[in-house]
Amino acid sequence: MCGPEYVRTENPCSDLVKSQGNGKGDTFVALLIIMVNMRDNESPYEAQMEEPLGRVSILSYGSGHMLNDITSSCWFTYLLVFLTDVGLSPGDAAVVMLSGQLADGFTTIFAGELMDRFGHFKLWHAGGSILVAISFSSVFGSCVPCKLMGTNSSTLETVGYSTFAAIFNVGWAVTQVAHMSMVNCMTSNPSSRVSLVSCRNAFTMVANLSLYGIALLMFTLLQSVSVLVQYRWIAYVSISLGSCFVVIFLVGTKEPGSIQHSTDKNLSRISWAYWFKRVLYYQVALVYTLTRLVTNVSQAFLAFYVIYDLEMPQSSKALIPAIIYVCSLIVSVILQETRWSSWRLKLYFSAGAVLWILSGLGIVLLPSRLHNVMYAISIIIGAANALMTVTSISMEGVLVGEDLNGCAFVYGSLSFVDKVSCGIALYILESYQGTIRSNLVTAFGYSVTRFGLGFVPAACSLLSAIVAYTMDLPDTRRRPLVEPLLA
């Protein structure tokens, strides 16, 4: 009698099935063959995913969010100022901002679900980038519905700007979710994942600096033209620069194969209920949302604060943000050299939160006669922003871990909460500012801009640090990168 026969099945995870023989020895041999075959099938892929990424891969990935970053910086820094300059009331300007944030938030949910189902991150990224490039010029352009209808009523202007703001944010959200979801699918090495996030954050700082350089150039060269023309050229130049980096990303970054690989192994998609049952999901969501509130709310009110509260020169609207982003860039580059572990993620995040609390206290109490102290505070804010942003996004990667079939939903759902909460916060603050003439003091004795730039980020930092301390993050220690990111 010949030995037991085995037939190959279509499922690579259970490659061999015994068809004859019923002895314990035969069963043991069959199991050994199955284990060896599974190892042969999975080890090369898993070993490849464990390998640290090279410098070129990290840099090309980081450049992929440049268009989103430079338009987002313009959105949060200049949109409210621009809309009030063209004649909208602070309340109407807040409506435009809120419409865009809501569109952004809801799109992240559907985009994350579709990407989990179908993959093709680069295709989604390219489509979203095209939508961003086409619609962004209209956000800072003239009111298209007003031209078509032949009227300039405030209601029609609000509807027109809100429509293009929503379209812009739909494309922005698709691009963001696709780009963030690629981190866990490109590598399973935690140090490389943090380096990808750190590089992405570094390019964010470059985008912000580029925007302020472009804006300063346009405001200087085009002083004789209207504000509308100035912002239109800022949009055109920003879109052109960001689109160049999108091309670099699409050419230099390979399409991750994790979702296709998981599909080949007949692994079922992870349901939403799986994440909703995990306490860590809510903790990471709260930390990430509070971090985004810190950065976005402070960015939106920074220009108002330095001009109206501190009575600094007009150039400070560009100089103070530039200092913040240079410091953030330096800290982001330093962070990519760190040997990351779970406790270090929590420690570095808490350090950033403490720095923001101190900065917020200084902003609230700083008198206008000591406005030069704001330059020192901006250095601290830059370091705090980098520490909190890099580590909070990295916590998302720790949450996802090896569950790659649900990574897009995690990033999409957390971004949804982030966008909606930021939109509501800015709407409330800006609407309240519209009820106060000449930026008078609030009921607490401070201006709305001082309250929004100092107290709100400090309070969010304190709460996020408390939540981070309670996290039970799994250990993520791995070897460092083979070569430094920006050597």
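Every residue number used here counts from 1 along the chain in the order it is shown.
Backbone N, Cα and C define each Cβ position, glycine as well.
Residues 64, 67-68, 71, 74-75, 78-79, 82, 111, 114-115, 161, 164-165, 167-168, 170-179, 228, 231-232, 234-236, 238-239, 242-243, 246, 249-250 of the same chain, all 6+ positions outside the transmembrane segment (123-141), place their C-beta atoms under 8 angstroms from a C-beta of that stretch. Residues or ranges marked as transmembrane segment by TrEMBL: 123-141 (among others).
Residues annotated as transmembrane segment in TrEMBL: 161-181 (among others). Sequence-distant neighbours of the transmembrane segment (161-181) (same chain, 6+ residues past either end, Cβ-Cβ under 8 Å): 61, 64-65, 67-68, 71-72, 75, 83, 88, 95-97, 99-105, 107-108, 111-112, 115, 121-122, 124-125, 127-132, 134-136, 138-139, 143-145, 200, 393, 396, 407-408, 411-412, 415, 419.
Beyond the transmembrane segment (202-221), the same-chain residues lying 6 or more positions past its ends with a Cβ under 8 Å from any Cβ of the stretch are 62-63, 65-66, 69-70, 73-74, 77-78, 230, 233-234, 237-238, 241-242, 245, 315, 318, 321-322, 325-326, 328-329, 332-333, 386, 486. Summarising the annotation, TrEMBL assigns transmembrane segment to 202-221 (among others).
Residues or ranges marked as transmembrane segment by TrEMBL: 233-252 (among others).
The transmembrane segment feature in TrEMBL is assigned to 279-306 (among others).
The transmembrane segment feature in TrEMBL is assigned to 318-335 (among others). Proximity of distant same-chain residues to the transmembrane segment (318-335), defined by a Cβ-Cβ separation under 8 Å and at least 6 residues beyond the stretch ends, is recorded for 77, 194, 198-199, 201-202, 204-206, 208-209, 212, 215-216, 299, 302-303, 306, 312, 348, 374-375, 378-379, 381-383, 385-387, 389-390, 485-486.
For the transmembrane segment (347-367), the residues of the chain that approach it from at least six positions outside its boundaries are 287, 294, 305, 310, 335, 338, 373-374, 377, 380-381, 383-388, 390-392, 395, 446, 450-451, 453-455, 457-459, 461-462, 464-465, 468-469, judged by C-beta separation under 8 angstroms. Taken from TrEMBL, the feature transmembrane segment applies to 347-367 (among others).
If you look up TrEMBL, you'll see 373-395 (among others) marked as transmembrane segment.
What TrEMBL lists as transmembrane segment is 407-429 (among others).
TrEMBL lists 449-469 (among others) with the feature transmembrane segment.
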Practice problem: Tally Cβ pairs under 8 Å between the transmembrane segment (449-469) and each listed stretch (279-306, 373-395, 407-429), then give the stretch with the top tally. | Solution: 279-306
